[in-house]
Amino acid sequence: MRIGVLTGGGDCPGLNAVIRSVVRTAATQYGSEVIGFRDGWRGLLEDRSTPLDVAAVDGLLTRGGTTLGSARVAPEKLDAGLDTMRRTLDRHGVDVLVPIGGEGTLTAAHLLSEAGVPVVGVPKTIDNDIDGTDLTFGFDTAVSIATDLIDRLHTTAESHQRVLLVEVMGRHAGWIALHAGLAAGAHLTLVPEEPFDVDDVVRLVTERFARGDSHVIGVVAEGAHPLPGQMAFREGGVDEFGHRRFTGVAQQLGEELERRTGKEVRATVLGHVQRGGTPTSFDRVLATRFGLHAAIAAHEGHRGQMVALRGTDIDLVPLARAVARLKTVPASRLRELHAFTG
Ligand SMILES: Nc1ncnc2c1ncn2[C@@H]1O[C@H](COP(=O)(O)OP(=O)(O)O)[C@@H](O)[C@H]1O
Ligand SMILES: O=P(O)(O)OC[C@H]1O[C@](O)(COP(=O)(O)O)[C@@H](O)[C@@H]1O
Ligand SMILES: [Mg+2]
């Protein structure tokens, strides 16, 4: 058998560990070959590939990013390129394609699968917002990095009796903010799932200083936004790939808070540092198990499925189910979070 692999969407710690695991499983358990397509779907559209044998994936377990590269392609171009991609796969004798990606890449994988291309998907995203799997690799690494950095902000904030707002990633889902906020003892955490009430935030800041607390740490997901009409808030529109452009919610909320509370506020945007560098041991193991089970599923004839973590087991779920909706933070988890607000 010959397996094709590609990585799509934003890079994520653990992608290389999946690639290594697919290659090693295919080679050592089945004597199969693997070919990597470069820069996501673009590699299939432009026929750019590289053979992947066991030697080629040596050292990849701990390496962040993706050695195959990743790129975005406008969905319309992808739809129009379906036959081109199919021809590329045929030319290279690929029996099963294993796309590793987020909800966008997996939506495209589902479309290919519906069009008859044999596909076994692997979910990746630091945002942890893919449905059908309890967790995605990259999330634990991103939370660990964010937690470490927020820990460091406590001392500088208390030294100056300041409010520090930390903006973390999370386009549609507040999982990183929720976990890093809880882990680092933030006084306030704002997520995209629940528009925030600026009056409540002003009250929290005022009350903390009034009762003698030294500082305020607020964690703000990049996709968080205020209730309509509460403060001036710039919208950034969408980019050519249909993604919302962010305009710096922490900075804008910070300016509003300074004006209304008279306290000094600083905003820190963690940005891409959250997805750079080596994956945590948890993510290395999850990525390795995903790669192993994707290769097994490919050889056992499963198609149109995605590997998923359910409890402690790796299962298969239909791609159709995985991409039907995003996995956002449920109300029950938000209630838990609110118990630690203030
Ligand atoms: N609705 C869609 N239909 C077809 N292709 C899509 C769709 N959404 C995304 N894609 C393809 O998948 C790529 C990666 O998606 P993106 O959302 O950027 O990253 P991720 O896979 O991490 O969610 C896009 O550049 C595009 O080529
Ligand atoms: O690196 P880019 O293209 O600016 O994308 C940033 C986005 O990618 C992410 O890091 C991960 O999102 P995906 O997993 O959907 O690619 C988001 O948290 C963030 O909003
Ligand atoms: Mg996406």
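Even glycines carry a Cβ here, placed using N, Cα and C.
Residues annotated as domain 'Phosphofructokinase' in TrEMBL: 2-295.
Summarising the annotation, TrEMBL assigns ATP binding site to GLY10, ARG72, VAL73, GLY102, GLU103, GLY104, THR105. GLY10 (ATP binding site) carries neither a helix nor a strand DSSP state and counts as coil. Within 10 Å of the Cβ of GLY10 (ATP binding site) there are 21 other Cβ atoms, across all protein chains.
Sequence-distant contacts of GLU103 (ATP binding site), defined by Cβ-Cβ distance under 8 angstroms and a gap of at least six in the same chain, are THR125, ASP129, ILE130, VAL323, LEU326. What TrEMBL lists as Mg(2+) binding site is GLU103.
According to TrEMBL, the feature site 'Important for substrate specificity' maps to GLY104. GLY104 (ATP binding site) falls within a helix when secondary structure is assigned with DSSP. In the shown protein chains, 22 other C-beta atoms lie within 10 A of the C-beta of GLY104 (ATP binding site).
Taken from TrEMBL, the feature substrate binding site applies to THR125, ILE126, ASP127, ARG162, MET169, GLY170, ARG171, GLU222, ARG266, HIS272, VAL273, GLN274, ARG275. VAL273 (substrate binding site) falls within a helix when secondary structure is assigned with DSSP. Counting every protein chain shown, 13 other Cβ atoms lie within 10 Å of the Cβ of VAL273 (substrate binding site).
In sequence order, GLY102, THR136, PHE139, MET169, GLY170, ARG171, HIS172, ALA173, TRP175, ILE176 constitute the residues six or more apart from ASP127 (substrate binding site) in its chain with CB-CB distances below 8 Å. The active site, proton acceptor feature in TrEMBL is assigned to ASP127.
Close contacts with ligand 3, defined as a Cβ under 6 Å from any of its atoms, occur at GLY102, GLU103, GLY104 among the binding-site residues ARG72, GLY102, GLU103, GLY104. The average per-residue pLDDT of the prediction over the domain 'Phosphofructokinase' (2-295) is 97, rounded to a whole number.
If you check the binding-site residues ARG266, VAL273, ARG275 against GLY10 (ATP binding site), the ones with a Cα inside 10 Å of its Cα are ARG275.
One way to see the shell of the ATP site is to take the Cβ centroid of GLY10, ARG72, VAL73, GLY102, GLU103, GLY104, THR105; the remaining same-chain residues with a Cβ within 8 Å of it are GLY8, GLY9, GLY40, GLY101, ALA108, PHE241. Neighbour list (ARG72 (ATP binding site), Cβ cut-off 8 Å, at least 6 residues apart, same chain): GLY9, GLY40, GLY104, PHE241.
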